[in-house]
Amino acid sequence: SNVRVAVRCRPFNAREKQLSSPCVVKMDGARTTITNPVNGTSHTFEFDHSFWSHDPSGGGRGGPTHASQETVFDELGRDLLENAWAGYNVCLVAYGQTGSGKSYSMMGGGGGGGDHAGVVPRAAREIFDRMRGDDSARVEVTMIEIYNERVKDLLNAGGGGGSTNPFAENGGGGLKIRTHPTRGPYVEGLTPCAARDYDEVVRLMDRGEKARSVASTAMNATSSRAHTIVELRISRADADGSEIRSKVSLVDLAGSERSDATGATGARLKEGAAINKSLSALGNCISALAEKGGGKKLVPYRDSALTLLLKESLGGNAKTVMIAALSPAAVNYEETLSTLRYADRARRIEGTATVN
């Protein structure tokens, strides 16, 4: 399959500690088990990777090995970049409820550097390490967010922030999604930024991070209110002089959320509804692709801006990894089980990617 799935369990957060909520998630090798805190029934899932980041000790003697940021990148990111260097389009998508650790896995924490660096900065560093000594290699960076179905260029001021509908055929201002006959959906008017080295990528990411839509909710003090897609476009010359082109798409999805848990009202409530609607559309696409097999089942990519932009990554010409972020706490049992089921469906997607 072109889609590999990993799950990652984070430590307790302050809210879960305050509630003295017990841990209901266990990992053993590639298997992840969640236990209902009310009736004790368990559900076990098997994924390509199960990353235990809940506590540094790994759960004590005989428990799972603790997975650091470096571990996650080594297991997931390096293989994707190997494929990108060979000319494949690749994608890493982080999914999970609000506050489950998606942005930490993707972007990092504590300033985003050192041991806390996420997949995005580590991928950028690896790319430029590979480019060293290759004068033909070029990297361009784009960073967009999808907020309430509006597509915004985070690296260029005024880039689509006023759009009310991203679908070109439906009108609306700002950045629009078009479909190329061979390359698939793309954002019209999105301006790539050339990056000459790793430090320049970091500066671009910092600029984009400052422009992201975030807000505080009861579940997450810095809740992403939009889906964010970072794209690193690589071009270089092969040994025979032919051009190799590829895209590395890194997707930090906004978290699924329940309004009663987040305490959302007004604008936050509207944002949460838009997030859940687009994640539901993504789930419908994943289910259709998982059931499709060799059949002709229609995949509803056009139900949201998110699914249209992820069309090539999910069912098209790309090698994709999904990392599902999990809370360990009993208080989040239902949402965590839902995330595990979502990830389990994604594992059943089949397809074939080809070199560009």
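The backbone N, Cα and C atoms fix where each Cβ goes, and this holds for glycine too.
Heads up, TrEMBL stuff is auto-annotated, nobody curated it.
For reference, TrEMBL has these:
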BINDING   GLY96, GLN97, THR98, GLY99, SER100, GLY101, LYS102, SER103  ATP binding site
DOMAIN    2-349  domain 'Kinesin motor'
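Where TrEMBL records a feature, it is marked here on the structure.
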| residue | record | CB count, 10 Å |
| --- | --- | --- |
| GLY96 | ATP binding site | 27 |
| GLN97 | ATP binding site | 26 |
| THR98 | ATP binding site | 25 |
| GLY99 | ATP binding site | 27 |
| SER100 | ATP binding site | 28 |
| GLY101 | ATP binding site | 22 |
| LYS102 | ATP binding site | 27 |
| SER103 | ATP binding site | 26 |
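DSSP assigns LYS102 (ATP binding site) to a helical segment in the three-state reduction. Mean model confidence for the domain 'Kinesin motor' (2-349) is a pLDDT of 86.
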